[in-house]
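Engineer: Can you keep this structure in mind? I'll have questions shortly.
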């Protein structure tokens, strides 16, 4: 079953994710313009974009655990998932800047005065170097170890994004808290795996480990 | 009556107000008893039974008791009031309410000397209000006004909108409307009214006292700790509508500012 899934997944080119993301974003704008997002489409659009971005970050961070636990190998989609998440969050930010707040004075005031905006902007700022270096050339140039170290920032950005989402609700709502709990669980999982005795490998869960491991412990087909 | 000129001013203003569509008003609601999303009330409020409906009036009144809604309404004069509605979340609508002045109801019940505040409670019926089965808010929803605010001629007990009976998601069968205060003061689906000499506990103030005050007057100069109140998003404007400036007391400054003479509105937010 897992083997079949892994084989099937190999036939899906990662670029389809970019296309799907773009199409979904265009679809959301179209919905907003035609009443499909309700009477207040700007906030609805911001939410839909931000939440999809968060979900994609969760999916991206879950790829390694899923491979370790369920032996499903989706590693070839990770870059596309990460970059698509970045696309959603960038458009989320643009909608906030251009359609929601718009006034330059108020944008700056919000960033420095409103903790949830500050936290969200910090999360976005952390994502920028990750997006910029999400290409083969950057991996080669930086070296795998340094590149992986940099990309651990994803966890910080993810937690900031989830906290941003919790903070903007009027009260403690279940859904944003669930996102935050999942982010923290993924982070804890990552830290626990790291502290297992595996010294000498600065790269953390490097590509080298990911290859042989699923095979080593046998398939749960 | 001194109120006449005042209502006249309100009416002159009302002409410039363009009400939101019935669709907007009934599909974009905060009614946390039915869920925390704006779309939840229209989805889930259908389960609410509003007949029979009684309102208990107690505390410092001459005629305490549990009254059938019909008995109350038949003693009142229903009129239309087109009011701005400004949510604390920085969005706004214009709603053509139908209802009667709370002052008339309080006079009908007979306010005893010594009463200083009016406390309100929403229905508590977890079987029909799914979010009441969760624990994040201390149900039932409670609100309150100072007696002079409650007696103000702008303060309305609304039984309908657009000439129709109050839709369930908007607080059927009867709700409060205090147009110069943030929307959460305008408590929905009221079952209890208590005249008291102490400032009553109010739900949002109990939840987050540093964010939601007892007064909750619309005030563009006093920001919510997490967002600006200087401007508001007018519902129904579509994707490319700009926010508009929020008016002091939501545009009812001439009528109500006198209630707060000498009060620091930053302290009593």
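Cβ from N, Cα, C; glycine included.
Taken from TrEMBL, the feature domain 'Ferric oxidoreductase' covers A:65-161. The feature region 'Disordered' is assigned by TrEMBL to A:199-221. The transmembrane segment feature in TrEMBL is assigned to A:12-32, A:52-70, A:82-104, A:116-132, A:153-170, A:176-193.
Walk me through the surroundings of each of these features.
Structural biologist: Among residues of the same chain six or more beyond the transmembrane segment (A:12-32), those with a C-beta under 8 A of the stretch's C-beta atoms are 41-42, 44-45, 48-49, 52, 56, 76-77, 79-81, 83-84, 87-88, 91.
Same-chain residues lying 6+ beyond the ends of the transmembrane segment (A:52-70) with a Cβ under 8 Å from its Cβ atoms: 2, 21, 24, 77-78, 81-82, 84-86, 88-89, 92, 154-155, 157-158, 161-162, 165, 179, 182-183, 186, 189-190, 193, 205, 210, 213-214, 220.
Long-range Cβ contacts of the transmembrane segment (A:116-132) within its own chain (Cβ-Cβ under 8 Å, at least 6 residues beyond either end) map to 82-83, 85-86, 89-90, 93, 110, 138, 150-151, 153-154, 156-158, 160-161, 163-164, 167-168.
Residues 50-51, 53-54, 57-58, 60-61, 82, 89, 115-117, 119-120, 122-124, 126-127, 129-130, 176-177, 179-180, 182-184, 186-187, 190 of the same chain sit 6 or more residues outside the transmembrane segment (A:153-170) yet have a Cβ under 8 Å from a Cβ within it.
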Engineer: Where does the mean pLDDT land for the domain 'Ferric oxidoreductase' (A:65-161)?
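Structural biologist: Mean per-residue confidence for the domain 'Ferric oxidoreductase' (A:65-161): 94 out of 100.
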Engineer: Using DSSP, what is the helix/strand/coil residue split across the domain 'Ferric oxidoreductase' (A:65-161)?
Structural biologist: 85 helix, 0 strand, 12 coil
